[in-house]
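S.K.: Dropping the structure in here first, questions after.
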Amino acid sequence: MAAVAADPAAAAVPASAEDRETQPEAMPDLDQQWRQIGNGRERPLRAGESWFLVEKHWYKQWEAYVKGGDQDASTFPGSINNSGLFEDQISWHLRERLVEGDDYVLLPAPAWNYLVSWYGLKDDQPPIERKVIELPGIRKVEVYPIELLLVQHSDMETALTIQFSYSDSVDLVLQTAREQFLVEPQEDTRLWTKNSEGSLDRLCNTQITLLDACLETGQLVIMETRNKDGTWPSAQLCGMNNMPDEDEDFQGQPGICGLTNLGNTCFMNSALQCLSNVPQLTEYFLNNRYLEELNFRNPLGMKGELAEAYADLVKQTWSGYHRSIVPNVFKNKVGHFASQFLGYQQHDSQELLSFLLDGLHEDLNRVKKKEYVELCNGAGRPDLEVAQEAWQNHKRRNDSVIVDTFHGLFKSTLVCPDCGNVSVTFDPFCYLSVPLPVCSRRVLEVFFVPMDPRRKPEQHRVVVPKKGNISDLCVALSTHTSVAPDKMIVADVFSHRFYKLYQLEDPLSGILDRDDIFVYEVTGRIEPVEGSRDDIVVPVYLRERTPSRDYNNSYYGLILFGHPLLVSVPRDRFSWEGLYNILMYRLSRYVTKPTSDDDDGDEKGDENEDEDVEDDSSSEEEKEEMSGPTDNDGTQESEQEQAGTSSGVTGRCPSLLDNSLHTSQWPPRRRRKQLFTLQTVNSNGTSDRTTSPEEAQTQPYIAMDWEPEMKRRYYDEVEAEGYVKHDCVGYMLKKNPVQLKECIKLFTTVETLEKENPWYCSSCKQHQLATKKLDLWMLPEVLIIHLKRFSFSKFSREKLDTLVQFPIRDLDFSEFVIKPKNESAPDLYKYDLIAVSNHYGGMRDGHYTTFACNKDSGQWHYFDDNSVSPVNENQIESKAAYVLFYQRQDVGRRQSQTASSETPTSPASSSTPNSDIMDVN
């Protein structure tokens, strides 16, 4: 593709003479030059103004010249020379990746004009003029404008590279293309863009900026000229078959149009599809009634821009000519006014819906100047009178199609618990956020580790109260294991260490479903109490020595492995040798003890070392503390093993009860094989330090350090990881479906305010935790019900996947509305479902879709981004239902009568060619 450069900003400015002698005599003195240029640089940025780039080297030389104060100095800079900023002196393209302050300085137009008039511009260089543009939240000089490749539909091989500002309108691109390609004034033209995927998008709105149109440097823009016979030559364009949603021959049902996912924007698509299928709101935009009510001066609004963007979207989706559309213009408009929706992160469809309804209301508010309105005082007055006054006050400041369609009225009653003072207010609402009845129980999956080493750990599923404590978990597990709750310690194990050791009073809400929870059978306490005779429970880690990568260094690293242990040790018999023996006993299921043959084989050739050990009895106690314990001779060990094994449930090794093991003479004449050494460590399993047994009682974490060869020969990793499943593992907590009316009843029940949100009682003159009750007083034409599926607490976040059963027709609110009933108009309280926003997945990720009933056909459809398919009514109810849209029956009946009396014009019956469709056939 041939590219022809054309930079409309590159017109040369008449320059003064290049040398100092030809400078005009009107050049001011140096101080005045410095003041004029320096003051100009401090000028604030204003959108649309021109600034100019000056090469940093020339500017610094000029700066030194004027600061020197000598007008005849040799530092005279000469003509402005920006050659270092250009790639070459033919195309005059700006070099890439120039940095302000390092490569150039920016000057506003007045300062630039001064310098040019004083010093001139070298070699007929074009001035580097750039515009100030306004981006969301910031103004900046657009040093690198957008470069677009303009082509004609009749010649896709020859492209013109044209620079534009991101703040320029699409219409400027169109007019530039018409000028460059010599299009006659009477000829019709339109633009298309080719995106990175190769498909083409129609640039329908020519009044928006290139930034809002999401155009990028290097993007291909195609100008299409209408044929003389009135048709468009779109079919001849390269790549048209990549646009299945832009088919001029496609004539479908209005409203059955998908929305392309721009990247995690399914939440937006779902909210838009629901709102688009609210009949009275869509008719309001399709019939252009919104044009008469746009409020451009509302300081709380978006200058009408959000309403206009939504109107364009509705008109496209209800034109009947699109299978799907790309809502990038609307997305950019939302991000422009609500920074939380900038980018392409996942958000909540209900949050976007709330912003959209509020934004549309303010953009379409019929009240141009809001007056101050005092709050109603309902003390001692009839509810009917107070409610009517509250609604009238609301309408005096808020009057729009959104209020007409979606706003209702609450009655809020607060009662002081001390003096009984009652406060009644009536407040408007736009939607109901109703809680789901939460199950008071939860199922926890835990591993029970018995003291008997012959038994493998057991996997259990226990039912516990959601708001219970760790003690409730121990009681529930006790029914499965027959172990007393006070003989259990609950731990969160993560990465081979104890992440947390729980106290009995700790809340269960601190345990997440993904946590690995181990419950250990013990006979004592972890934190010793002075004077207590209880056993000490010692946390024990397993570590393997690994050679350092520096082979000239004798240092060995240590890596945790396996599951940590909690070992009960008698307080008055705590010793290294006793701890070693009890650990050997606890590990006996998956650790093989060395035999006499192993000892003999390993000690051959080392007799001299054994003799040294035997003779050095005077220093044996010191060695014991430094290197950890060794084993007893074969006879004594065997007796202790048998006693330990026969101790049964206590799991307590009798060797700890033998006073002789606490003396310094316990090592035998001949040392036996030592499988591991013991070290005191911190809770992370690090920070080794030599510690006496007495000190170990105050720093109870112990590590068993294994040599790699010892671990390989004697430690059975497969057996160590083994466990059995208890019969309760298959238990699943049954979740019964919930009726929508149960949620509404829960919404209207009395609740006590939380400590973080007290109420100020005008009678007590204090903040009180009052009781609060909400009642429905007046319902809107379209009632939006938000099911609060997402639960947040201090320790956890979860999504409730409870099935909420809701009626498609005849949802009767008469039992919830406390306003005196109009018996002659029962339809005022009955509603029919028209749309559902669904959420699939969990808290961190998920996907939004929509069920919606077409206002013209009455057929339900499933909208999944750009995919749309018809569905039966029995498919609508699911656990994914998140936001429900109900329409009052009297409104629906009135709309049906209006529609039947009118003759709709369908796309199929229209003979006028659609100017927004590109033929792909």
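Note that Cβ sites are derived from N, Cα and C of the backbone, with glycine treated the same way.
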S.K.: Labelled phosphoserine in Swiss-Prot - which residue from Ser692, Ser869 would that be?
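M.R.: The candidate carrying the phosphoserine note in Swiss-Prot is Ser692.
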S.K.: When Swiss-Prot marks a stretch as region 'Disordered', which of 1-29, 146-174 is it?
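M.R.: Going through 1-29, 146-174 one by one, Swiss-Prot flags 1-29 as region 'Disordered'.
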S.K.: For Cys266 (active site, nucleophile), which of the three DSSP-derived states applies: helix, strand, or coil?
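M.R.: The three-state answer is helix.
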S.K.: Which residues does His847 (active site, proton acceptor) neighbour through Cβ under 8 Å, counting only same-chain ones at least six apart?
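M.R.: In sequence order, Cys266, His839, Tyr840, Gly841 meet the Cβ cut-off.
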S.K.: So for Lys194 (N6-acetyllysine), how many other CB atoms are inside 10 Å of its CB?
M.R.: 20
S.K.: Could you give me the DSSP helix, strand and coil counts for the domain 'DUSP' (28-133)?
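M.R.: Helix (H, G, I), strand (E, B), coil: 42 helix, 21 strand, 43 coil.
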S.K.: Count the other Cβ atoms sitting within 10 Å of the Cβ of Cys266 (active site, nucleophile), across every protein chain shown.
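M.R.: Total other Cβ atoms inside 10 Å, all chains included: 24.
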